[in-house]
Amino acid sequence: MPHSNTLIVPSTNPFDDPSSIKNGLNNLTSSELVNQMKKESLAASVKTPSTPPKECSHLKKGVKLSHLKGNARALRDPSKHLCFICTTEKIKREDYELTLCANCGYLFCCNHESDHSRKHFEKNKKHCVFVNIITLKCHCYSCDADIVIFDKKNLVVRDVQQFICSNLVSSLTKAPNVLKSNSSHFKKEKKSKHSSGKSSKKYKVISPGLKNLGATCFFNSTLQVLCACEALHDVISPFQYSHSSVIVRKLTKSPESSLLSAFIKFLETFYKSDGTISVYRPTTFFGEFRRLHPQFSESVQQDAHELLRLLLDDLISEEFRVLRFNLNSVSRSLQLSPCLTDDEQLSKSLTSFKQVNVTDASLSPNSHNTSDNEQNNEDYVSVSSLVGSETEDITYSKELSQSSDSSQHQHDSFLPANSSPLAASSTKSLPSSELLDSSSDKGQQVFKGQHEVAGTNSFEDPNSHFNVSNSSNHEEASPKKEVLKSPQFQRRSLDILRLGELSSDDMMLDKATMDEFSSSLVIKSIFTGRLTSVVMCQSCNEITNTPEPIQDLSIPIHYPSSRVSRRHRFHRALRSRFSRSPKKSSVKIVVDNANDDTDQAPTTNSSSLNENLLGGHASENDKSLKQSPFQKLTRRLSDLSVNSSGQISKQDFDNSNSIFSESSLSSPIIEEPKTLIDCLKNFTHVEELSGENMFACENCCNQPNEVGSPAKGGLTSDNDKYSFNNSVYRNAYKRMLLDDPLPPVFIIHLKRFFQEISHDGYANPKKISDFIEFEQELDLNEFVMPHLRASSSFRYRLFGVIVHSGTLNYGHYVAYVLSHKFLDLSAPSTNSKDFRSEAGIPERRWLYISDNIVRESSWDEVSKVEAYMLFYERV
């Protein structure tokens, strides 16, 4: 760096000269070199000068620590140690020093004729302070002098130097195939409780990083956590980590699924990594996923949680198609009847299917060098089904399928449209809209033809039409035909295919057979759990359970205070009063006279009760003269609910008492949760459904004197627009609890992105950067259904964390994983692969992964990060 005035004595530190640094690499290890660089450079910066130093007046405007933290990624990645101007102008230079602008955080070269650091200063006069990232010398171009720290002056320079030391990953000091952060050498890390072994052991990281394909850090971090999942490893790799886990079946590549095959091939390559290749390019897998979801384009920041949800849904859907295809192949190999209504034959084919090994010989084991088009250039695919003593090779040619009946639905790389030739020849393809219309004669003829033909009882592709046939005779199956014609059944069947679910009522098969079929979905059994919504009506005390499958639990970490909510409601009501939009139609509601104790029919006061139950408007005179009629109505409905409450059985009382206990009803919500347990308590907190969120109770409707009754307890009238004959609006309590089965892998998503409603009604998207404390072990016994708490333990162990740093519009994803991908350098080299044929160690240690940067971490570092998604595995 050129200097006109030097305020300190020239240092004799050999690290001031970059050439001396390179010459000394042979005599020092990387850790010793980094430590010595830090100590001597910091010592040189505070060395007593020969003349009294001057305090630089430009530090206040020239140093912006907040801007430096935003560009810390350039220091952590050695591949980004390039001059900003040289990169922009595509100039290639070697052996030049880099300086960090203390204002914007960009790197600029300084030891050649161009001197881009000075050019940057001449263009932006406030950007005058630069720090050499190797020697840590600070220079001010406005003063044209070096800046030194002396007698509590210029202390902000020390902050910049410490920032560089804690984030710099120099290409001169990194070990082969392993990228380590200098900060791991400056601090003595606490050992994780999952890392067993003596402290004298030395480990080498062999876990590969992933190449950033253009703002794909969200994709790389999610993949790294999935690669660290032991349950997923045990169903793909022939070598198990957890011998106590029950494996449904091995997950293998199949020519009928492009995304699933690319996913399995990537994991197989990752598991076989031994450190020879430090960075992989997930081009094939990302290309297959982007083909299904074009919105995930390169160079555009995306959400890692959205990616995970779509990825798991696609993998489960493709696995379901492969399962159906292989089941039909086994059925044909056993020469079974195309009609699979016999439960014993179907159960036999399911048992035989588990013995089938489906392989794809065209898939190369080297996935990191495979192009995107390799999987789409196959002329035919072959499925070998080995069942008992019979061996049959069934070959399906794509050319034959294209030359077959033109009405048959075509597939590129998934299942054939009709699993039975008989069904294919007797069924014409119709659009889903025509097929789901129960009033369409064409749709009824299709189902009638399928029913009369002894064909398949099969599910079609969700993108195609849905065919269900029955093998029983016409007289016996007439009630079932009505079910098949039902649009509710047809829509439910299509939803089942999209979600990968199976129902014994929809399939009309034995429940045990369908449970066995559904349990064969490997990815679904690993990641899918169940969340139950429990609602108790305050009038009849009836409990309604509504379960739903979940693959992750999204819990909020921000709860606005009641004061802010009242303010927002006031402004919303004020805007609606002066709104020019047409008012909603009012609803006439019949209630009892509050001052009349007799059983006479209630009167309707349209002037005071002309209020929309779903948020309509009352007259302006009522608003100005007295309290809102809607508030009176809500309080009146609550009184009616209490007065009309009936008796409850002992069993229902025990269930309601355990779920809606007195402590859960009285415990307030935690407005500022600090820990993960606080967030889970808020999520499972008892919520009161009242006002606009009243519960439509069907049990109250079935009791006497309810709907349209002139007696007490009548809530709505049969003539009302929003009245339904099968339900009555009641106040109720609601609680969300986890239900059986709990998944082996439990994913928690912290909602850090939300929209804040301002006082003027506009939604401002924001990110919550609050720290949420989480533990390595999580006990979910408090958050499951009461009947499960005494049966088994629900303890989980943390194995992966995804962190998002930055703002809502710009940021970066990194991952912390608990990995086996280490080599014990203190052990003999022959023992590195004795644990399994995959390189690694039996115990697991924490890793920090940022795209292609992989370094060892510790629980002390992981526990302090700003977690976005937490991955737990059941113990």
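Note that Cβ sites are derived from N, Cα and C of the backbone, with glycine treated the same way.
Mapped onto three states, the DSSP output places CYS217 (active site, nucleophile) in helix. Non-local neighbourhood of CYS217 (active site, nucleophile): HIS812, TYR813, VAL814, SER850, ASP851, each in the same chain, at least six residues away, with C-beta under 8 Å from its C-beta. Summarising the annotation, Swiss-Prot assigns active site, nucleophile to CYS217.
If you look up Swiss-Prot, you'll see CYS56, HIS58, CYS140, CYS143 marked as Zn(2+) 1 binding site, on the strength of sequence analysis. In this structure, CYS56 (Zn(2+) 1 binding site) belongs to neither helix nor strand by DSSP; it is coil. The Cβ of CYS56 (Zn(2+) 1 binding site) lies under 8 Å from the Cβ of VAL129, CYS140, CYS143, ALA145, ILE147, ASN154, each on the same chain and at least six residues away in sequence.
The Cβ neighbour count for CYS109 (Zn(2+) 2 binding site), using a 10 Å radius and every protein chain shown, is 20. The Zn(2+) 2 binding site annotation in Swiss-Prot covers CYS83, CYS86, CYS109, HIS116, and the record cites sequence analysis as its basis.
Cβ environment of HIS120 (Zn(2+) 3 binding site): PHE84, ILE85, CYS101, TYR106, PHE108, HIS127 lie under 8 Å away, each six or more residues apart in the same chain. Among the features that Swiss-Prot reports, Zn(2+) 3 binding site is placed at CYS101, CYS104, HIS120, HIS127.
Under the heading compositional bias 'Low complexity', Swiss-Prot lists 401-438.
As annotated by Swiss-Prot, compositional bias 'Basic residues' applies to 575-586.
Per Swiss-Prot, the feature compositional bias 'Polar residues' maps to 600-611.
Under the heading phosphoserine, Swiss-Prot lists SER333 (among others), citing experimental evidence as support.
Swiss-Prot lists SER337 (among others) with the feature phosphoserine, giving experimental evidence as the kind of evidence.
The phosphoserine annotation in Swiss-Prot covers SER486 (among others).
Annotated phosphoserine per Swiss-Prot: SER493 (among others), in sequence order.
Annotation source Swiss-Prot lists phosphoserine at SER645 (among others), citing experimental evidence.
As annotated by Swiss-Prot, zinc finger applies to 54-167.
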> In the structure shown, which of the binding-site residues HIS58, HIS116 has the fewest other Cβ atoms within 10 Å?
Replying inline: HIS58
> Which of the three DSSP states, helix, strand or coil, fits HIS127 (Zn(2+) 3 binding site)?
Replying inline: coil
> In which DSSP state, out of helix, strand and coil, do we find CYS104 (Zn(2+) 3 binding site)?
Replying inline: coil
> What Cα-Cα separation, expressed in whole Å, is found between HIS58 (Zn(2+) 1 binding site) and HIS116 (Zn(2+) 2 binding site)?
Replying inline: 20
> How long is the line from the C-alpha of CYS86 (Zn(2+) 2 binding site) to the C-alpha of CYS104 (Zn(2+) 3 binding site), rounded to the nearest angstrom?
Replying inline: 17
> Looking at the binding-site residues CYS86, CYS101, CYS140, CYS143, which sits with the largest number of other Cβ atoms within 10 Å of its Cβ?
Replying inline: CYS101
> Can you count the other CB atoms that lie within 10 A of the CB of CYS83 (Zn(2+) 2 binding site)?
Replying inline: 24
> Taking the centroid of the Cβ atoms of CYS101, CYS104, HIS120, HIS127 (Zn(2+) 3 site), which other same-chain residues have Cβ within 8 Å of it?
Replying inline: ALA102, ASN103, GLY105, TYR106, PHE108, SER117, PHE121, ASN124, PHE130
